[in-house]
Ligand SMILES: *[C@@H]1O[C@H](CO)[C@@H](O)[C@H](O)[C@H]1NC(C)=O
């Protein structure tokens, strides 16, 4: 009986310790406030970077949702509404890798969603 109590206590402590580590360490989690200026600015940067590479004339609208993942920098997956040359609002999925302390950003991918 006593052994079970101790094991139970260990299980509770272990889950309390591993849960925050999992969130901060490897999982990606939704961005709760996409209206945060940094997130919108990242989205605008992703569109500008994509246009620089392809010259397809897309214009940034807004980031509508996204997730972020902490690695040795932060991986952002952003859903961005842009205006294309045909005057349609379309959604793109951009992945931006940012290492803020060395001032580096990389546009990993930029794909149309709809
Ligand atoms: C595109 O979306 C913007 C808001 O982001 C809106 O003001 C504009 O009217 C929309 N344009 C079209 C063609 O749907």
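Just so you know, glycine gets a Cβ as well, placed from its N, Cα and C.
Feature annotation from TrEMBL assigns signal peptide to 1-16.
Residues or ranges marked as domain 'Cystatin' in TrEMBL: 22-113.
Secondary structure by DSSP for the domain 'Cystatin' (22-113): 25 helix, 45 strand, 22 coil.
Confidence for the domain 'Cystatin' (22-113), expressed as mean pLDDT, is 93.
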